[in-house]
Every structure is written in C-alpha cells, then in structure tokens.
Amino acid sequence: LRGPGMAQEAAPVLLVVLTRLASCTWHEGSGYYAESQANEVHVAEEPAGEPALDYRRGSGAAGGGGGAAGAPLTAPSPAVPQWCATLSVYRGEATCYSPRGSAYRSSLGTRCELSCARGYRLVGRSAVQCLPSRHWSGMAYCRQIRCPVLPGLLRGSYACSAGVQMDSRCDYTCLPGYQLEGDRSRTCMEDGRWSGSEPVCVDVEPPRIRCPDSRERIAEPGKLTATVYWDPPRVKDSADGIIKRVTLRGPEPGSELAEGEHVVRYTAHDQAHNRASCKFSI
C-alpha cells in the first residue's frame, strides 16, 4: 500500500509446497506386498547369471506345494507372479514347492528339486530356490550316462547294441580255433561301469595231423631187411596256423627194417600246448 507522503515496499512471501514421497520395498514385483492383498506383477526379465547357492536368503518353502503357514489358500489369478525365470531341465524334471501354492512355480521362495530321466545323471545342485535377487540359487543339468569304450579282444571281437550308452549290451566272439573264456556279454550299467569282466580267447583246439597210410614192404631177394621211406605227416593248426614242434616215436624214414610190424607215431604241438597224434604201420 502506498499512503500519502510515505512509501511501503511489499514484503516477499515464500510458498512452501510439501510433496509426499513414495517409497517401495524389495517386495515389489514378487507378489509379496506389505500393504496390499491383491497386487501381483508379472516380471518377464531373465536372470543375468547363476549365483552361488545360499538358502539363508529368501523365504523358506513349504512342502507339498501348499500355502504358507497361517495363510489361506486362494485360487491364483490368470497373471501369476513370476519372480525368477521359468525353470526347465533338459532330459530331466523340476518338482517345485511354493509358499503360495502349487501354481506359483517361479515366485519368490519357490524351492525346486531337480532330477533326471533314466539314462542321465544330474550334474550340479539337486535343489534350487528362487532368491530375492530374482536368480535361482544354483543350476544343474542332466548328462547322459556313458561307459568307457571297451578294449579290443585279442583273437576275437565284440558287437554292442547301443555303443557305450546305458543298457547297451556287448557280445563277444572269438576267431575260429579259439574258445571264449569268461563273460560272453557285458552291459553298460547305471553307474557308468560295464558289468562282468573282460573275457579272453583261448586256443583249446588241437592241431590237425595226418600220417601216411600203412604199407607193406617186401625185402629184396637174399636180404632179411628192407629200406623204407615215407613222407612226413601233414600238420595244420586250426587257430593261428603255427606248429611249435612235431615229435616222432619209432623208426625214421630211410631206416633198415627187419621182418615184422613196425609202428610209427607222430605228435604235433601248437603254441597253446595243445597236441594231436597219428600213427601208421609198416
């Protein structure tokens, strides 16, 4: 106001506007809100990594997929809150238990037990939990059970139904002239080992020997003896074809034989100490 004869300056006025600040907690997006009964948010983002297992963080899980202690079971809404990424195990199964019910497989606090199909072995954690960090507390995968490659069989071979996979059966056979000693077949077991033990092929078949035919020799006029010659026996080993030695019992070829019957016996020996004999008479 300006009066007559005087001037009055206007005093400054300070207006203070108070704004209410909103705060949130880590419950946001998990389906667990402190003040709300129906706030549910579907989180689509994927976890950045696989943190180390730590069950001290996050909510404990109730068994059997039921609700939390003291909380009534309610039917889940179509938009089920997903706190951690959907868990799947290739060639295996994840059995999950959530504090909020069986439909909440990826909400905070969910605990999943991991297992593998038959023929596969679990590598990693057998159970994981959805943590406040939106990561599962660990991961695992199913590795196919495989047995080591069987060594080759000396003087024989084997054939397998499914390579080195579990339940594969390998049957052994030996070369002609050899006999299998030990397990005739072996199976890849669930622990990744072969059943039984490694067999061997043993030469048990004696060699084949054939002597000359028996014969009669007449002495020349005026003599009481006769000189007799004959071919050596024919010998063959049915296994490796190797004859170690041939022994003779009786007169040798080119001997002077007196009147009477003379028996000649040959015996053949192979490398496996098998033997066979033949004889003929003169």
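The backbone N, Cα and C atoms fix where each Cβ goes, and this holds for glycine too.
Because TrEMBL annotations are produced automatically, they should be read as predictions rather than curated entries.
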Selected from Cys160, Cys188, Cys201: TrEMBL disulphide partner of Cys174: Cys201
Within the domain 'HYR' (202-282), residues counted as helix, strand or coil by DSSP: 0 helix, 38 strand, 43 coil
Set of same-chain residues at least 6 away whose C-beta sits under 8 angstroms from Cys201 (disulfide bond): Leu153, Leu154, Arg155, Gly156, Cys174, Leu175, Tyr178, Gln179, Leu180, Glu181
